[in-house]
Amino acid sequence: MKLAVIPGDGIGVEVTAEAIRVLDALVPGVEKTEYDLGARRYLRTGETLTDADVESLKSHDAILLGAIGDPRSVPAGVLERGMLLPLRFALDHHVNLRPSRLYPGSATPLKNPGEIDFVVVREGTEGLYTGNGGAIRVGTPQEIGTETSVNTRFGVERVVRDAFDRARARRGKLTLVHKTNVLVNAGGLWQRTVDEVAPEFADVEVDYCHIDAATIYMVTEPSRFDVIVTDNLFGDIITDLAAAVTGGIGTAASGNIDASGTNPSMFEPVHGSAPDIAGQGKADPTAAILSVALMLRHLGKAAEADRVEAAVEADLGSRGDGPVSTSEVGNRIVAALGG
Ligand code: IPM
Ligand code: MN
């Protein structure tokens, strides 16, 4: 197995180190290549992501990414638009998979959370993220800025089919989240696609929620969700909320998946580089470690993925109220795996 590792910036470096320790404890002999991408490389060379980087990354079975960005030295958008999104687009990561589970013992801000165990299948290559827009008369009182959401039948159908497959393998419920009462063009395309594919998955119950109502249900009744399918921006927003209700962004993992298998998929914590706590050894590596579990499952190593998740569950369940250190969490998971 050939793995590309992009530790990135800030706590990305620290949590990735623990994730790699966990991987090594489970799957010996993984060939790893580290890539210098992110704020440090940009500040040194002015480069965000080159064609050569992309070509070289393509020769791996998977990519593990920590976090990128340093808002203190790199203007907002430079690395997002110059590195992370181009990478997701170049590798056709159309399924942005974001599971949320409330593990026993995790701190949730909800009074009566009930069982929380759902996955958001967020479209990853289209929508408002494509950079399809522009600005004119910048800086004048007549300034106009536009971002146009791109939704193709091809792009919507492939992610909808992936979500149906996942629902079938889980509890058999799929919820489309959109805003079809206002965004009638894109929303119509999403709704019709779901309706047309649904008969092929007669065993899957289909539901629909407007995005605004979905944020209410996620707080008042999160157990109603099994698989959510939604567009790029709605998926971005709702998965931060999902992370918050399941104990915080420190445990939220994600996979950027090319479901066709043509390109390597990329696994990363949902959180950012958190420069405010970087270098202090106090970032929770759980999200990075659970991203390794997602990666293993994607690569067909389900038993190994189960073991990581069980170790994380045990660790979260045995934590006291005090702070945990990055390496302490890594130590506990590695010890639980017999490493
Ligand atoms: C995420 C992040 C990214 C996104 C940013 C950093 C571009 O918020 O992975 O959720 O919006 O997709
Ligand atoms: Mn986000």
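Backbone N, Cα and C define each Cβ position, glycine as well.
According to TrEMBL, the features are:
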type: DOMAIN; residues: 2-333; note: domain 'Isopropylmalate dehydrogenase-like'
type: BINDING; residues: Arg88, Arg98, Arg122, Asp212; note: substrate binding site
type: SITE; residues: Tyr129; note: site 'Important for catalysis'
type: SITE; residues: Lys179; note: site 'Important for catalysis'
type: BINDING; residues: Asp212, Asp236, Asp240; note: Mg(2+) binding site
type: BINDING; residues: Gly272, Ser273, Ala274, Pro275, Asp276, Ile277, Ala278, Gly279, Gln280, Gly281, Lys282, Ala283, Asp284; note: NAD(+) binding site
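Feature map: annotations from TrEMBL on the structure.
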{"residue": "Arg88", "record": "substrate binding site", "Cβ within 10 Å": "19"}
{"residue": "Arg122", "record": "substrate binding site", "Cβ within 10 Å": "28"}
{"residue": "Lys179", "record": "site 'Important for catalysis'", "Cβ within 10 Å": "19"}
{"residue": "Asp212", "record": "substrate binding site", "Cβ within 10 Å": "11"}
{"residue": "Asp236", "record": "Mg(2+) binding site", "Cβ within 10 Å": "19"}
{"residue": "Gly272", "record": "NAD(+) binding site", "Cβ within 10 Å": "18"}
{"residue": "Ala274", "record": "NAD(+) binding site", "Cβ within 10 Å": "20"}
{"residue": "Ala278", "record": "NAD(+) binding site", "Cβ within 10 Å": "18"}
{"residue": "Gln280", "record": "NAD(+) binding site", "Cβ within 10 Å": "12"}
{"residue": "Asp284", "record": "NAD(+) binding site", "Cβ within 10 Å": "25"}
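Ranked by CA distance from Asp212 (substrate binding site), the recorded positions Lys179, Asp236, Asp240, Lys282 have Lys179 at the top as the closest.
The average pLDDT computed for the domain 'Isopropylmalate dehydrogenase-like' (2-333) is 96. When the Cα atoms are compared, Arg98 (substrate binding site) and Asp240 (Mg(2+) binding site) turn out to be 10 Å apart. Not one of the binding-site residues listed as Gly272, Ala278, Lys282 brings a Cβ under 6 Å of any atom of ligand 2. Neighbour list (Lys282 (NAD(+) binding site), Cβ cut-off 8 Å, at least 6 residues apart, same chain): Pro323, Val324, Ser325, Thr326.
Ligand 1 lies within reach of Asp236 from the binding-site residues Arg98, Asp212, Asp236, Asp284, judged by a C-beta closer than 6 angstroms to any of its atoms. For the binding-site residues Asp240, Asp276, counting C-beta atoms within 10 A of each C-beta gives the highest total at Asp240. Cβ neighbours within 10 Å of Tyr129 (site 'Important for catalysis'), excluding its own Cβ and spanning all shown chains: 22. A Cα-Cα distance of 38 Å separates Ala278 (NAD(+) binding site) from Lys179 (site 'Important for catalysis'). The binding-site residues shown are Arg88, Arg122, Gly272, Ala274, Asp276; of these, the one with its CA atom nearest the CA of Asp236 (Mg(2+) binding site) is Arg122.
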